[in-house]
Amino acid sequence: MARIVMKFGGTSVADLDRIKNVARHVKREVDAGHEVAVVVSAMSGKTNELVGWVQGTPKVVGANSPFYDAREYDAVVASGEQVTCGLLAIALQAMDINARSWQGWQIPIRTDNAHGAARILEIDGADIIKRMGEGQVAVVAGFQGLGPDNRIATLGRGGSDTSAVAIAAAVKADRCDIYTDVDGVYTTDPRIVPQARRLKKVAFEEMLEMASLGAKVLQVRSVELAMVHKVRTFVRSSFEDPDAPGMGDLLNPPGTLICDEDEIVEQEVVTGIAYAKDEAQISLRRLADRPGVSAAIFGPLAESHINVDMIVQNISEDGSKTDMTFTVPSGDVEKAIKVLGENKEKIGYDVVQNESGLVKVSVIGIGMRSHAGVAATAFKALAEKGINIKAITTSEIKISILIDGPYAELAVRTLHSCYGLDKN
Ligand code: ADP
Ligand code: ASP
Ligand code: MG
């Protein structure tokens, strides 16, 4: 007997038939004698609809978000998961499985106060562990918890993955299965590159990079938690026949295992390619080249919760003036320009320019640590396709390249094949 957490994403619970199909996956594990907790997302499209409704309301000035009251945003957008966890509990009961639904506040899943992008602080697993021991399936609403203000807090888009891994850690599950609409983690998004290959295993660190650089198959925070708490996490498909051979295999279920790098026998130099759309570039021209100028720019941006990513500073020709360019998510450009305007005198620049609709493509692999020339291969391949590079950043295990939006798919395909990742 094992203890398993099963998470089902939006497309897997998109309608009543799919919810019944999910119930069959759960029944398979229950029938095998395992203790099961299930985490569900909202039906696909639901969260977008709810977010759209909130964004359509008049802006609340003076609340803790410049656009609307983030606590009420959470009250609205958390409702999608409330519906699906109730429906799945009913579907399970109809199959004679003892099940009940849990909202985040009922467990409770305690979070910090960052409404809209809250982090899980603590989960009291005692009650669900006890009930799982009595044979009851816990069906938990993903994406939500309870803030210190006793109000619903949501975990940021894609947050149900994080709910699942956090619950798996809290109940000391033997496995956390993330069921989605693809049958594992691929060398790149299989919807963009049909040549992408499914990976049997991915190291935590690589998955962390892939997720934070745009592969939305897992939320970044879920990978962090899996890494820290050593949660055995599989990404697998909910669309396969729940009763097909091997689906209930305890140690080697179908899908991709996210694991420590020493569990991976054949490590390639490059593991995958990720891309993130909607990047924007901001340049400050004729900036004073003196100590403290970076702090004067990025301090106020950080205080306004603007995530700055790539930063490029030119060396000044005459030792007095320079240019600084950096990227932010396109949605933050307006806010960033406003903050820079307010701090113009303190920073000391001439003009600010910006360009939106850019894309960041990234090459990821822990094998890069011990190989030279990996970046040069990318630059050459992109040059041969006439793709201009606007900025570059590197770390030990990744290279990120900023390009114009329209070239995104061509760049991803080009990089995927230049590192030999295409399937035969
Ligand atoms: P869910 O609703 O189940 O949480 P998501 O849409 O959040 O599903 O994530 C699954 C999607 O992630 C896939 O449909 C796929 O298009 C996308 N994706 C991006 N990069 C990858 C990758 N490297 N491997 C697998 N899927 C990826
Ligand atoms: N429903 C939420 C979202 O769409 C959380 C999730 O699906 O993981 O972002
Ligand atoms: Mg998701």
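The first residue you see is number 1, and the count goes up from there.
A Cβ is built for glycine as well, from the same backbone N, Cα and C atoms used for every other residue.
The ATP binding site annotation in TrEMBL covers LYS7, PHE8, GLY9, GLY10, THR180, ASP181, TYR186, ARG191, LYS216, VAL217. If you look up TrEMBL, you'll see THR47, GLU81 marked as substrate binding site. Summarising the annotation, TrEMBL assigns domain 'ACT' to 282-357, 363-424.
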Listed binding-site residues with Cβ under 6 Å from ligand 1, out of LYS7, THR47, GLU81: none
Give the helix, strand or coil assignment DSSP yields for GLU81 (substrate binding site). helix
Pop the Cα-Cα gap between GLY9 (ATP binding site) and THR47 (substrate binding site) into the table, whole Å please. 12
Position of peak Cβ density within 10 Å, selected from the binding-site residues LYS7, LYS216: LYS7
Number of other Cβ atoms within 10 Å of the Cβ of GLY9 (ATP binding site) across all protein chains: 23
To the nearest whole angstrom, state the Cα distance for the pair LYS216 (ATP binding site) and GLU81 (substrate binding site). 19
Pop the Cα-Cα gap between GLY9 (ATP binding site) and GLU81 (substrate binding site) into the table, whole Å please. 10
Specify the count of other C-beta atoms within 10 Å of the C-beta of GLU81 (substrate binding site). 30
Please list, in sequence order, the residues in the chain of THR180 (ATP binding site) that are at least six apart in sequence and whose C-beta is under 8 Å away from its C-beta. GLY9, THR11, SER12, VAL217, VAL235, ARG236, SER237, SER238
Max Cα distance spanning LYS7, PHE8, GLY9, GLY10, THR180, ASP181, TYR186, ARG191, LYS216, VAL217 (ATP binders), Å? 22
Mean pLDDT for the domain 'ACT' (282-357), rounded to an integer? 92
From the binding-site residues listed here (LYS7, GLY9, THR47, GLU81, TYR186), select those whose CB sits under 6 A from an atom of ligand 3. GLY9
